[in-house]
């Protein structure tokens, strides 16, 4: 008989083995909480760092683009580096992955705070942000790569890992809500002053009433805004530490789950060659690379788009919050959908559903109610983009294990290079998008922007993401692991065990 859904193939396991394979709800929750720090800090940086560098630190767009590109590119490079060092790490009484998570946390929090600090120096600001942004990316990678690989070490049962991944994705999207809410609401309370730019009054053709966009906010001060960013960084840093403590105390890394038989370190480069020759892995990366880029471009430019093109200077943080709340609430819906209809179908339906809303938000005249409706609808697609890649990667690793049954300890390589490609490409895209704003004539702290800037922002949050999503879905048709293949792999793995 076919095993009941969620039964973890009970017909292939003895009762004692089945009992050991089951994860308690508490363990799943503690595991899931560990995903919040990366998403909370990443969301705050993704949505707010560009506008912070341009309008608060007052760097010119060229220097801001260098910081964003180099920071993301370095972040991408650190993933395989950390994956390499993890693969060479021996098991300890705390596990092989957990020590990385514990020891990186305090240093990551300090460097994160310094990213949001405006140094009182006449020169060297660019170097300041470059150093601390890259340092934070390195340290958060030392947390997130082992945490991602931990999926394969909490249980040997695919159904249990899928369930834990659903818990994790729910908490991670909740983490993005917290990042958006904490950063947005605290910073939003500070009324950042803007500079009147009458030169562009006749140049812009934005549908927003010019008297609203061009108000000079005399009541605010730049100092208040700087303080607000530091307060938000302190709150998010405290949350980071709390989540790391819960993860380290509540989750036990199970050596037997990965079926490692010795402490002998694996050959990283041999493992890398095997991983990169695995067709299913490359096709999964190719598909999600472009869809991830679409959402990253949207994330990086949405605050500027809301502030200048739509004219919602004092509402953008609430619009972002609406997107993330919608995403959080629909994660269980997508978990049910992929269980019922399969993961590939969920990819097509979930990610493509963002396209009409990305078009509507730039085609229609600026309207706050319509923007909120679009934000809630777009959040549904964001939830699918969050859940599906991390839900499908364990299937690829299982497929790899069947083809290379004697290979051990390559999980971190899979996860680190999976993140590497998306991060590096996002660094290039964000750098190019910020340079595009520079070429279009972006005015630092301007109350309004030239029409070329507004047109560029429309392209960056609509036309380009839509094109990337369509290309990603087209490539994803090549991905070979459908539901039938996944069930066969699961049965074969149970037979091996």
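Cβ coordinates are placed from backbone N, Cα and C, and glycine is handled just like the others.
Annotated transmembrane segment per TrEMBL: 97-119, 126-147, 228-251, 280-298, 318-338, 345-364, 370-391, 412-435, 455-479, in sequence order.
By number of Cβ pairs under 8 Å, the transmembrane segment (280-298) is matched best by 412-435 from the list 97-119, 126-147, 370-391, 412-435.
Remote same-chain residues near the transmembrane segment (228-251) are listed as 26-27, 29-31, 33-34, 36-37, 40-41, 44, 48, 52, 56, 98, 101-102, 105-106, 108-110, 112-113, 115-117, 143, 147, 150, 154, 178-179, 182-183, 186-187, 189-190 (criterion: CB distance under 8 Å, separation of at least six residues from the stretch ends). Counting same-chain residues at least six beyond the ends of the transmembrane segment (412-435), those with a Cβ under 8 angstroms from any Cβ of the stretch are 50, 61-62, 64-66, 68-73, 75-77, 79-80, 82-83, 86-87, 97, 144-146, 148-149, 151, 268, 271-272, 275-276, 281, 284-285, 288-289, 292-293, 296-297, 300-301, 389, 393, 396-397, 400, 460.
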